[in-house]
Amino acid sequence: MALTRQELELIRRGLGREPTAAELAFFTSHWSEHCSYKSTRRWLRELPGSAPWVVRGRGTDAPLVEVAPGLYVSFKIESHNHPSAVDPYNGAATGVGGIIRDILTVGATPVALLVNLHFGPPEDPHARWIFSNVVKGISDYGNRVGVPVVGGETWFDEDFTYTPIVLATCVGVVEAEAVPRGGVAPGDYLVVAGLGADRSGLGGSAFASKTLEGGEDLGAVQVADPLMGKKLIDVVREAGRCVKFIKDLGGGGLATALAELSSWFSLGIEFHLDKLHVRDRAAAPEELLISETQERLIFVVSPQDLPCLEAALRRYEVPYSIPGRFVEGGRVWVMWRGERVVDIPISLADGAPEVLWPQEPYQPPELPQLPEPPLEKALDLVLSSPNVAKKESIYMRFDFDVGVKTAVKPGEGDAAVLKLYQRGQLGLVVKGDANPRYTFLDPRLGAANAFVKAYRNVAVVGGVPLAAVDSINVGSPERPRVYWQFVQAVQGLREAAAELEVPIVGGKVSLYNEYMGRPVKPTVAVVVLGRIDDVSKANRAMWREGDRIFVWGVTRGEVGGSEYLKRVHGVVAGRPPAVDYGAERKIVDVVQSWLGRLTGATDVGVGGLAAALAKMAVNSGVGATVDVCRAPSDVGRLDFLLFSESNGRFVAAGEEGPGVAVGEAHGDVFEVRCGGTLLYKRRVEELRRLMLL
């Protein structure tokens, strides 16, 4: 996207002259929406991000959260929507590679990946093409680099047919003493390591800062190299303690990396582009500055520690060059064959002006009068929905056991559980959630719902939530309704984080998610990280023969934005479920008090109580007889009781359990009753086939 007239004038005034071609490329890339957050950062500053256990929050490539004395976890989320729309295989693969490198910047070893994927209807040929190639790209990269994909969330909606939302989260672990030590000083070297620069991904950040109109240039999409990605992991593991700082070379290329490094350390940089190792010797300096060639890191290292880093790079056969160093002063200098092609003050380089767009609120469509449908047919429709169905066809393509750290695997529970071998039975619990329908109807309440859903998933498995990262994906901010959606979503996240006392330590905003003038439904994904003291006590979403079944929490008549409303009545209307933060916090305490004494548990969410019970039966391979009318509720309609998506609820199973007993697990038939009336009956195997994507 071209610089605006006002931005060009600001650059001319800041430089005191006309910018060079290389400087124009520098600013076009680094001042793009994708890199500068110029339309969003004013609002993002409002998000709460601090807590005693947060070692490093927002503002650098990756945060750090202390989960045990001297043991840190880093996790971060990234979007790769535009590239995945044009080249879904490489778009998804490079999204995974990029988020892994972000985690490497704090010296952490990547231990897990999660993905939040939003596609068009699976029966649509184009959506199916994107879906298949995105999943293959994630699978191929994750499997080859040796980082397991342990969970995520998948959503299908017409809005994402041509504009998918592809989000990747990486979790890494690092001992406190292994974090790069900082203390950057003049004379320290900038070592660029990884693939040689070429023209791949040229202008990728500018490409991600405009809407899709069809016929986009594939050259803006980067190409992944998981073998080199794995080598960089090995180098960081071996030489991370030798260096002072690590920076990912991602969006914006060298332009953004140099601007951020200079700004973070308040030092000048002298960088010789002609000393950079390249694969395309015909590339012009302005192209090398903004190239987004993948699998590259910048290591900041002192002259005396350079041999330690070089030894590791040579051992793993990673190409590298030493084209830059920190210098006194406040300018970024880039040299090319003896000529200074970039000479920019730090304050200007990292000083993209903020933009505030007009906002236009709207009200969601009112919930219409709904006829009560035949319940057996309604149950089949909801349970077979792609948004409720089990996603075995996706996660079975991932090697989720590589590294043997996955204690609760995809499909087994509400969240992934990872064992931390550094600390006995201590583990991490992590889950990401989003509901674009909710955030379309009410962006503020929808964002809060995404937060509490991920929080509750972590809690029900047995984790104590510690921190969160978020990803907000909307259309063009130049549309007043879209900009209002974004601002409202931030307010919802701020409220949820503050009320739940879970800091937001990082995030990503992706704008211009449109195709041919049509914005996607605003999509707010929240990934919550928690800790569990004993992974062997984690709750899976299943029961055993003879278990009693319990429901905790009250079902209210909240079907606005529900899967039932869309699937059975073809309507998207009403308000999303209300959020009771006290009830959500209570779930943490209740589950902790029962930890190790339950067979299993699952939260109640999309598809309502009916979907939660059916999931438990299918996961277990054991049927049940359940009287849903025993569940605590204030509704008078059976369809609302079955399909309401009220928050603050979960299902548990065991000899005893929290909440109200509603049935018993036994046999191979799943029966739903209301008192003496049979509402639904399916053999578990039949139910399993019905619920497969």
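Just so it is clear, glycine is given a Cβ too, placed from its N, Cα and C backbone atoms.
Bear in mind that the values here come from a model prediction, so they are computed numbers and not experimental data.
Here is what Swiss-Prot records for this protein:
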type: ACT_SITE; residues: H34; note: active site
type: ACT_SITE; residues: H80; note: active site, proton acceptor
type: BINDING; residues: Y37, K76, D470, G507; note: ATP binding site
type: BINDING; residues: E78; note: Mg(2+) 1 binding site
type: BINDING; residues: S79, H80, N81, H82, R101, Q222, E292, T293, Q294, S510; note: substrate binding site
type: BINDING; residues: D102, D248; note: Mg(2+) 2 binding site
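Where Swiss-Prot records a feature, it is marked here on the structure.
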residue: H34; record: active site; Cβ neighbours (10 Å): 26
residue: Y37; record: ATP binding site; Cβ neighbours (10 Å): 17
residue: K76; record: ATP binding site; Cβ neighbours (10 Å): 27
residue: H80; record: active site, proton acceptor; Cβ neighbours (10 Å): 32
residue: N81; record: substrate binding site; Cβ neighbours (10 Å): 25
residue: R101; record: substrate binding site; Cβ neighbours (10 Å): 28
residue: D102; record: Mg(2+) 2 binding site; Cβ neighbours (10 Å): 26
residue: E292; record: substrate binding site; Cβ neighbours (10 Å): 29
residue: D470; record: ATP binding site; Cβ neighbours (10 Å): 29
residue: G507; record: ATP binding site; Cβ neighbours (10 Å): 25
Across all protein chains shown, the one of the binding-site residues E78, D248 with the most other Cβ atoms within 10 Å of its Cβ is E78
To the nearest whole angstrom, state the Cα distance for the pair E292 (substrate binding site) and D248 (Mg(2+) 2 binding site). 11
Which ones, of the recorded positions H34, D248, Q294, D470, G507, have a Cα no more than 10 Å from the Cα of E78 (Mg(2+) 1 binding site)? D470, G507
Candidate recorded positions H34, S79, N81, R101, D248, pick with smallest Cα gap to D470 (ATP binding site): S79
Within 10 Å of D102 (Mg(2+) 2 binding site) (Cα basis), scanning recorded positions Y37, K76, S79, H80, Q294, G507, I find K76
For S79 (substrate binding site), the nonlocal same-chain Cβ neighbours (under 8 Å, six or more residues apart) come out as G95, I165, V166, L167, S471, N473, K508, S510
Shell list (ATP; ref centroid = CB of Y37, K76, D470, G507; cutoff 8 A): L44, R58, I77, V469, S471, I472, I504, G506, K508, V509
Between Y37 (ATP binding site) and R101 (substrate binding site), the C-alpha gap once rounded to whole angstrom: 21
Give me the count of other Cβ atoms within 10 A of the Cβ belonging to Q294 (substrate binding site). 23
Considering only the recorded positions H34, K76, H80, N81, R101, which fall within 10 Å of D248 (Mg(2+) 2 binding site) when distances are taken between Cα atoms? R101
Reduced to three states, what secondary structure does DSSP give D470 (ATP binding site)? strand
Out of H34, R101, Q294, G507, the recorded positions in the record, which is closest to H80 (active site, proton acceptor) when you go by Cα distance? H34
